[in-house]
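Trainee: Marked as active site, proton acceptor by Swiss-Prot on the basis of sequence analysis: Asp309. The annotation compositional bias 'Basic residues' is assigned in Swiss-Prot to 462-471. For 183-462, the entry in Swiss-Prot reads domain 'Protein kinase'. Residues annotated as phosphothreonine in Swiss-Prot, with similarity to another entry given as evidence: Thr172, Thr343, Thr348. Taken from Swiss-Prot, the feature phosphotyrosine covers Tyr256, Tyr356. Look at Swiss-Prot and you will find Ser313 tagged as phosphoserine, backed by similarity to another entry.
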Amino acid sequence: MPPESSLNAEMSKKISFFGLKGLKLWVWVCLVVGVFIVMILCILSLWITFRRKSRRSSSKFPFNQIPHVSKDIRVDRAGFQNPHPESLYIEMNDKSTGKTMMSHLGRTKSSDNDTLSQCSSVNHHERACSSHSGEEGGFGSAGRQYGGGPVTASPLVGLPEISHLGWGHWFTLRDLELATNRFAPVNVLGEGGYGVVYRGKLVNGTEVAVKKLLNNLGQAEKEFRVEVEAIGHVRHKNLVRLLGYCIEGVHRMLVYEYVNSGNLEQWLHGAMRQHGNLTWEARMKIITGTAQALAYLHEAIEPKVVHRDIKASNILIDDEFNAKLSDFGLAKLLDSGESHITTRVMGTFGYVAPEYANTGLLNEKSDIYSFGVLLLEAITGRDPVDYGRPANEVNLVEWLKMMVGTRRAEEVVDPRLEPRPSKSALKRALLVSLRCVDPEAEKRPRMSQVARMLESDEHPFHKERRNKRSKTAGMEIVETKDESLGPSGSETKP
């Protein structure tokens, strides 16, 4: 009998299994193969489902998904044994205490507390002092701290602990939709190329500002990471506090404390002027607070933070007229061994330091120049660049140098200021501003020195046996020596 006929005969035999009779062998073979295939499909289905769930759960640790975008931002994985092997740590050195802190970007409870600040005034307004969020910050070389007052509760109190991180809070998209009424247009506080800022209220009643970043060619990822790593782990009463963030799908959002009295640009040039004009004391309080914040970023922590976009609209003001430096989307971090970095020129026209604009070399001296322009803006009430004015008055810095050089310094004061500042107060502020905008970067003072100058009730340079006369922008200004400060504001060697 041919083999084919024998095989057909065998496959056609009727066999009984499991009580089933009369089924041919080939039918049983097909049933077994079919059951095997179904089992394989079930196993694959279970495996795929498990993988999807594991991906969802891993997305709750968002920093593992964000690519490193700048070599200037140093994020160190912990080099010691720790209970969170997949967590990230950011190394921070506080120069004022000599301590090294490791900021943990993993799941743990938050214990952030705040302190309060002071009071100031505005024409036609009376405001009482009250407790306000903020924290102390120290100046490394100055050896002192600014801030103080009773400790107040964290704005994150009452939120689900499962979302707490070491320095802030992880918010879901649903959390922020509820807080902002689904990002209603009526809650828009401001917008720009970076995205839109909304006012919101968390479930615990805390008012917040939610920055929703626009994902233009990955810019949202870049700005998100820069801001989180620049200020997510630092606390100072004059820095706007980053409360947390949201990463969900393509959404990148940052959640800040809500600062309720606008910004310096609005008070000097915009809508807040309808509430009255800032007094000289209020302006100097805002400027001094900004100087303290920059001194903390430049001198009290490592790596130091260069803000790169100091301008009036980034100086938020609370209801006690305390400055809150904000918007760190352009910030760069410098290690202690770096004198500068080379980077693409970014910033706001009129505030950018000339050496940075010309060469792309960036360090903290660029921020100091921008601060000097900001101080001039507060003194004069003028924009840094105003093409609506005569040609010789378009550039604020050049116009002021010309006015000082022709001995007309008292004419530069904002005409809306009532009462006007004393001659000594005006002279001190002008001297500080001119030193900050010195075209030679190395001659600009450090921000801790600037803060001390602005806080002093006397001339910033104490008298010695003899005065040294120098010319600043063409006008002779008596500039006395300090035992520790040279004519450029830098430390002198014994």
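All positions are counted from 1 along the displayed chain.
Cβ atoms are placed via backbone N, Cα and C, with glycine included.
The structure displayed is predicted, hence computed values, not measured ones.
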Trainee: Find the shortest Cα-Cα separation between Thr348 (phosphothreonine) and the recorded positions Thr172, Asp309, Ser313, and name the residue that gives it.
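Mentor: For Thr348 (phosphothreonine), the spatially nearest of the recorded positions is Asp309.
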Trainee: Restricting to the domain 'Protein kinase' (183-462), what is the model's mean pLDDT?
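Mentor: It averages 92.
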Trainee: Write down the Cα-Cα distance for the residue listed as 'phosphoserine' and Thr172 (phosphothreonine), rounded and given in Å.
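Mentor: Given the Cα positions, Thr172 (phosphothreonine) is 29 Å from the residue listed as 'phosphoserine'.
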Trainee: Can you check what DSSP calls Ser313 (phosphoserine), collapsed to helix, strand or coil?
Mentor: helix
Trainee: Whole-number answer please: how many Å between the C-alpha atoms of the residue listed as 'phosphoserine' and Tyr256 (phosphotyrosine)?
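Mentor: Taking the Cα atoms only, the residue listed as 'phosphoserine' lies 16 Å from Tyr256 (phosphotyrosine).
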Trainee: Taking Cα-Cα distance, which of the recorded positions Tyr256, Asp309, Thr343 are within 10 Å of Tyr356 (phosphotyrosine)?
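Mentor: Near Tyr356 (phosphotyrosine) by Cα: Thr343.
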Trainee: Could you round the CA separation between Tyr256 (phosphotyrosine) and Thr343 (phosphothreonine) to a whole angstrom and send it over?
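Mentor: A Cα-Cα distance of 27 Å.
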Trainee: Pick the one among the modified residues Tyr256, Tyr356 whose Cβ has the fewest other Cβ atoms within 10 Å in this structure.
Mentor: Tyr256
Trainee: Rounded to the nearest angstrom, how far is the Cα of Thr343 (phosphothreonine) from the Cα of Asp309 (active site, proton acceptor)?
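Mentor: Rounded to a whole number, the Cα-Cα distance is 14 Å.
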Trainee: Report, as a single number, how many Cβ atoms besides its own are within 10 Å of the Cβ of Thr343 (phosphothreonine).
Mentor: 16
Trainee: I'd like the Cβ neighbour count for Asp309 (active site, proton acceptor), meaning other Cβ atoms within 10 Å of its Cβ, all protein chains included.
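Mentor: Within a 10 Å radius of the Cβ of Asp309 (active site, proton acceptor) lie 20 other Cβ atoms.
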Trainee: Using DSSP reduced to three states, classify Thr343 (phosphothreonine) as helix, strand or coil.
Mentor: coil
